[in-house]
Amino acid sequence: SFTRIAVCLSILHYSVEALFHLSRLLYFADKLQVVSYSFKLWNVLFVLARLGSITLSVLTFWYGLAAHQTAQLNVAEGNFNTQIIRINCLAAICLLQAWMMWNFINFHLRRMREKAAEAAALRKKGGQGGVRTKKPKKEVKEKEDVSELPEVDQNTKKGLVHRPTKASPKVK
């Protein structure tokens with residue numbers, strides 16, 4: 001029965017996944033200082049969990065269960081400890097961990113490329129304008145006030161047409 005190894009590997013995997021989902025919840029709650037720390041912690045723990053899973057699997061399937069293996073499969077007793085099943089389980093776990101690490105590494109490489117492209121675009125945009133001039137405080141304040149409004153209300157000044165009004169005759 002491989003139940004114990006399955007429980008250990010599941011606890012290892014899902015404890016790290018719980019941290020990831022907690023980090024995402026904190027991100028959605030705009031706790032940016034805590035989020036930065038928790039995502040960095042998740043990055044480290046994710047890699048350590050993959051290495052721990054492979055190490056635990058190799059030690060269990062290759063060395064630990066090899067001492068008590070049976071020659072034939074015994075389904076009635078629930079003893080699946082044959083060499084072919086142990087090797088297949090070990091291969092499946094190692095391939096799964098390698099696939100998860102592959103996705104993790106590709107995700108971070110893509111993020112680094114996107115950030116580099118974004119930084120290059122900002123440098124290019126800032127470099128063409130020459131010397132930057134500061135905007136007047138009134139204009140900056142007005143832009144901040146508009147950005148806090150819903151999208152529909154932000155465009156009201158653009159759509160309004162100011163028509164000159166006729167002076168109404170004074171009633172005497």
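Including glycine, each Cβ sits where the backbone N, Cα and C put it.
TrEMBL entries are annotated by machine, without manual review.
Listed features, source TrEMBL:
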type	residues	note
DOMAIN	2-105	domain 'TLC'
TRANSMEM	41-64	transmembrane segment
TRANSMEM	84-105	transmembrane segment
REGION	121-172	region 'Disordered'
COMPBIAS	122-138	compositional bias 'Basic residues'
COMPBIAS	159-172	compositional bias 'Basic residues'
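Mean pLDDT across the domain 'TLC' (2-105) comes to 91 in this model. The residues of the domain 'TLC' (2-105), classed with DSSP into helix (H, G, I), strand (E, B) and coil, number 86 helix, 2 strand, 16 coil.
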